[in-house]
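Visitor: Just dropping this structure here.
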Amino acid sequence: MSLSKINAWFQKAGAFQIRHRKLFLACILIVSIAGLTGLSRLRIEDNQDGWFDDTEQIQIDQDTFKAVFGNEDAVMVLVQAPDVFDPLVLDAIDRLGKRLEAEVPFADRVTSLTELSVSRGTDDGFEIVNPFEDGIPGGGRPLAELTEAERAELAEKKAFILSRSALVNNLVSDDAAETWVILSLLPFEDDFADQYEVGDAAIAVLESAEFAGGAYTMKASGMSYTETEERAVILKEAALRVSSGFIVMLLCLVFFVKSLRGVLVPIAATALGIGSVLGFCGWFGIAADSTLITLPILLGMALSVGYSIHYINAFRLQFRNSGKRAESAVAAVKETGWPILFTVVTTVGSMISFMTVGIGPLKWLGATCAAIVFAVYVYVIVLIPVLLSYGKDSSMASVPTPKDVQLKEKAEQTDRRFERFGAFVLKHKTAVLLFGTLVTAASVAGIFRMTVNMDYIEMMGKRIPYVARLQSILEAKLGSQYSYNVMIEFPEADAFKNPLTVQALERETAELGTLRLTRVSGGKPRVTSVVDIVKEMHQTLNGDDPAFYTVPDDPDLLTQLLFLYEISGGENLSNWLDDDYRTTFIHVELSGYDANDIVQDIADARRSAESLFPQANVSVVGTVVNFAEMNHKLVVGELKSFMGSFLIIALLLTLAFGSVRMGLIGMIPNLAPVALIGGIMGYCGFSLDMLTMTIMPMILGIAVDDTIHFTNHVKYQFESTGNYRLSILATYREIGKTLVMTTVILCAMFLMYTFSPMATLFRVGLLAIIGLGSALIADYTLTPVLIYLTKPFGKER
């Protein structure tokens, strides 16, 4: 079908819309009220559980671990001081532990220097003691005020604790400069809500004046604690980015449109479109993802303004000539209705490609972006023509005023500049193609340097205070941010009362200590298991002789050790073994996060455990395991979403222009910016993560809009002129300025991301600006040259 016929249909639709404009406004009002009233129900969550569905093995293993061993989460506080056994520091540790236990919901028990269960030999065998059960010698007074006896007692307790291998460089450093205060937590009832309740309470304790300053520093971590801090940062960032985006949208409209109605109507269309979609999410119980929510909002703002400007500029062009509002509104719909609808369809198709990724938050992002793009389009095509049709006609139709003439001449002068630029491009078509090819080739080489990395600290960035604190914890002697657990399940009970099984567990513990990323403190791998309790008990029962720091060979002795530990008040055994003695786990702390090394470490851990325990079920669980699996999902997801977006857009271009050749030609200028983004990511070391992976498919979906407008206009002109050069130059003259406007607005929106302290948001903003800017350049250069050389619309007349 020719564009003339398509435009004629849109002309009829526009005329129908203007005739029944009150009905259209009433429908918009009803939909808006229904949608906006749902905003109060909208939940904003950090939905990491949505990374995997319940049928995936990684989620099944995680659920099994929680069912057997309870809550993996804990509130952990690293205390640093010249000597953590200083009475003032011990007193602060004791007060901190008591407050955490009393004030934090779901508190289970505190483990710290003042709350320990340590085995000690006695004449009758051994006992489980807390060295500071009777209080801190001197009652927590400064060391200088202690008596000689109190100092001696304190030194004895310090020496006793530092003599226990299981504690040194795990709970307390060998130089006594660092120690942990750990609050274990009971199972949550609602993982999402409860972790924030825990985090808020713990933060209130740690940030209270009671623990500020002094001869020590306290640095908190733990999933609930950091997730609560992350939520505060993300919500603040979301509010800042959206509010600054709104201001930018307002400024762009004022600058480009320069009329009150031209500013207010697009703002209303944008706000109502975005608000209605999010409101209906609230009505349907669809939670918004806190990390990703700004993307669909800013995208909706930018595209809504872009669509509005296309309509408004077309209306103005017609209004300058006719002076009649209703007639100009219909003419604007006729001229821009089809290309804008087509751009909406391609953008929606590109956004929907995210739903093929298999990652919950990205599915939400794809569906929400698609819904918002379509919603703002509907609001724009209804409100802009209808509201512009109201008002008095202009005197331009009869006798133009000097101001009218001046405005028209100024607009036409700008249009002629774009026409001259088009002539320059066609004159240097060979140089344009050569330069575009070289840039694309260099970019493709950079794509192969891209890495996938879900490193939390790298994603968030050290400019955020709590992330800088986590980095300082990671750099400490006892510090650790990442860990995983190797869970071993036997089918039969009492499997871990067999010395051979426990000795195999000891070998596996040692093997895990040699892996690439395993944390080593003071020469000791940070790998812990029930083996530490068994060996310490064996040593204690044999006069504290280090030669007996082994797993006994006698099954009866091993059973006796476990039984005695349990009845003597040892609280740690249930943390490592289930009630049937058939399931246990090994905890491995990591020195950092590297996407490739962690995948290899997890594979090696699983392989060695399966080799040592062929009759058992082995699984590796933990947040870091989720990150490792996400690395794979992101690579596959990037390929799926990009290929899906590419195929959808190529198919739509082919159908719209009735030519496979034109469909492929239309994709070339849009692949070049995507390749440039990938190349920059590779050369600059920007990792592919949850947010940056959205850039390439998203830019492809947005960038094709200008290609559609340009190509569509060339085809429309060619149907009249039969000459490619004249058609291309007319396109530069008539819509060249509009393409710049829409791209500037999009770039201005994404510019707001570059002011964020969050590293991943900064990268999204920077890459989006580069992608959109290069896409505009490609549409101003490659698209016309390719059309001119390939002549996809037939021979010239």
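Cβ coordinates come from backbone N, Cα and C, glycine included.
Remember, predicted model here, so these are calculated numbers, not experimental data.
From TrEMBL, for reference:
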type	residues	note
TRANSMEM	23-42	transmembrane segment
TRANSMEM	238-257	transmembrane segment
TRANSMEM	263-286	transmembrane segment
TRANSMEM	293-312	transmembrane segment
TRANSMEM	338-357	transmembrane segment
TRANSMEM	364-388	transmembrane segment
TRANSMEM	431-452	transmembrane segment
TRANSMEM	642-665	transmembrane segment
DOMAIN	662-789	domain 'SSD'
TRANSMEM	671-691	transmembrane segment
TRANSMEM	735-755	transmembrane segment
TRANSMEM	761-789	transmembrane segment
Visitor: By Cβ distance under 8 Å, which residues at least 6 away from the ends of the transmembrane segment (431-452) in the same chain are close to it?
Guide: 425, 595, 631, 634-635, 671-672, 675-676, 678-683, 685-689, 778, 781-782, 785
Visitor: On the DSSP side of things, how many residues of the domain 'SSD' (662-789) fall into helix, strand and coil, could you say?
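Guide: Its residues divide into 116 helix, 1 strand, 11 coil.
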Visitor: Would you mind giving the whole-number mean pLDDT across the domain 'SSD' (662-789)?
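Guide: Taking every residue of the domain 'SSD' (662-789) together, the mean pLDDT is 87.
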Visitor: Near the transmembrane segment (761-789), which same-chain residues lie under 8 Å Cβ to Cβ, leaving out any that are not at least 6 residues past its ends?
Guide: 237, 241, 294-295, 421-422, 425-426, 429, 432-433, 436, 461, 665-666, 668-670, 672-674, 676-677, 680-681, 686, 691-692, 694-696, 698-699, 702-703, 706-707, 710-711, 714, 724-725, 728, 731-732, 736, 739-740, 743, 746-747, 750-754
Visitor: Can you work out whether the transmembrane segment (642-665) touches the transmembrane segment (338-357), with the criterion being 3+ CB pairs under 8 Å where the paired residues are 6 or more apart along the chain?
Guide: yes
Visitor: Do the transmembrane segment (364-388) and the transmembrane segment (263-286) share at least 3 Cβ pairs closer than 8 Å, excluding pairs fewer than 6 residues apart in sequence?
Guide: yes
Visitor: Within the same chain, where does the transmembrane segment (263-286) have neighbours whose Cβ lies under 8 angstroms from its own Cβ atoms, ignoring anything closer than 6 residues to its ends? I mean 6 or more beyond.
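Guide: Residues 28, 31-32, 34-43, 249-250, 253-254, 257, 296-297, 300-301, 304-305, 308-309, 312, 364, 368, 371-372, 375-380, 383-384, 387-388 contact the transmembrane segment (263-286) from elsewhere in the chain.
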Visitor: What residues in the same chain, six or more past the boundaries of the transmembrane segment (238-257), come closer than 8 Å to it by Cβ-Cβ distance?
Guide: 263, 266-267, 270, 290, 293-294, 297-298, 301-302, 305, 308-309, 312, 741, 744-745, 748-749, 751-753, 755-756, 761
